[in-house]
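S.K.: Sharing a structure below in structure tokens format, with a few things to ask.
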Amino acid sequence: MSSFVEVTPVSGPVRGSIRPPGSKSLSNRAMIVAALASGSSRLTGVLDSVDTRVMATALQKLGIETNVDFEQKVIEVSGAGGNVPEKSAELWCENSGTSIRFLTAFCSIGNGEYRLDGNERMRERPIAPLIDSLVQAGIDAKCELENGCPPVMLRTSGLSTDRLEVSASMSSQYLSGLLMISPAAKKNLVLSVTGELVSRPYIDMTLALMRSFGAIVDEPNPAEFHIQAGGYVGQDYDIEPDASAASYFFAVAAITGGSVTVEGLHRNALQGDVRFVDALVQMGCEAEWGENSITLTGRELRGIDIDMNEISDTAQTLACVAPFASGPTRIRNIAHNRLKETDRITAVVHELKRAGIAAEEHEDGMTISPSLPQPCTIQTYDDHRMAMSFALLGLKAPGIRIADPDCTSKTYPEYFEALESLCKGSR
Ligand SMILES: O=C(O)C1=C[C@@H](OP(=O)(O)O)[C@@H](O)[C@H](O)C1
Ligand SMILES: C=C(OP(=O)(O)O)C(=O)O
């Protein structure tokens, strides 16, 4: 384990193709829905990373038979038909937002006592809106430290309400968690969102996955969901490659004037983050949307003004493309990024400045101006996306070191090897 990695610059355009590992968001959703289903499910193309391991282990602890073969990227789940077999469990969620939010919802349909906790940063990431909804539903749910964050304690005998409200202005994951458990509730349920809903494409992803496993959901308006009770049926389900991970490789093409094909993704992918490609097109790149691949070709880059609320996991990637554009780039409407693995606005601006790049922090985002990166060691704040995005700077300028590269294990343990193998022909 080294404390930093130094990225070697490329000397010309990077050309190549790559298939990123399975989507974290789809892997963790598919495990939850398969666990709720009647019958067994075979999930293929799943991601092997800390976040998916945390989810699989938690389901096993809850008594769901979950057979994991990460070598083959396969997980077989014997669904418990909407029951939670174990009456009591302590679940460790590290810093996986999807895991703790989806599992808190999952445990609420059980019959017993459950405690969910995570690492130091997870204990700073809000979960109160989800807890408030469960309390509304008559469940004895609380944040143990009374600060709106994990650890979470639940005493429950199931979900039997027919109406529920949730606030999703800090994270869409509270709503996704409640949506996924709803078909397993005792009655049909009307779930409404109060206030703003961030990261909307993740809700569409949740609904699509639920429907693939047989759920019936109506959406009379964008803030209301009518979910029929009746459960899920186990399926064989193939997970798409991770579109957020793909953003780094599209960015490689953009900043080197090269051409990179990402296999396994397309315009209608379930992951909203494929729209990162549109942001690069807005900056001047060309995209070719294939049936099962996307090719991005880098051209002269211009600065843009962009709302990234719906694709906020790719904001750090864009922030590391922006220095190479001809004018400033303004990223807007991502205040919720302050609540993720680290404060992803302050941290990004701080590290861009460390590399000598002109950047300004705003409450809802940042502005980055054209600059040549200077040698430095980028701090990554235990945030996989800090490491993966700032590595891009090192392809364009010498002396860029990335501290704690192993933090990519949250979603992409082999990231630096994959980046190296894509770029090595251009050195
Ligand atoms: O539902 C999901 O799979 C996710 C939703 C997003 O979180 P927010 O809804 O908190 O923005 C995203 O950042 C996260 O990586 C995955
Ligand atoms: C925000 C992220 O993850 P999570 O919320 O699932 O921890 C992420 O992967 O960028």
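Cβ from N, Cα, C; glycine included.
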S.K.: Considering the phosphoenolpyruvate binding residues K24, G97, R125, R344, R385, K410 given in TrEMBL, which of Q173, Q271, Q282 is annotated for that site as well?
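M.R.: Matched candidate out of Q173, Q271, Q282, per TrEMBL for phosphoenolpyruvate with K24, G97, R125, R344, R385, K410: Q173.
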S.K.: Could you check what DSSP calls R344 (phosphoenolpyruvate binding site) once collapsed to helix, strand or coil?
M.R.: coil
S.K.: Among K24, S172, Q173, R385, K410, which binding-site residues lie by ligand 1, judged by Cβ under 6 Å to any atom?
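M.R.: With ligand 1 as the reference and 6 Å as the Cβ limit, the list reads S172, Q173.
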S.K.: How many Å lie between the Cα of R385 (phosphoenolpyruvate binding site) and the Cα of R29 (3-phosphoshikimate binding site)?
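M.R.: Cα-Cα distance, R385 (phosphoenolpyruvate binding site) to R29 (3-phosphoshikimate binding site): 21 Å.
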S.K.: If you draw a 10 Å sphere on the Cβ of S199 (3-phosphoshikimate binding site), how many other Cβ atoms land inside?
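M.R.: There are 21 such Cβ atoms around S199 (3-phosphoshikimate binding site).
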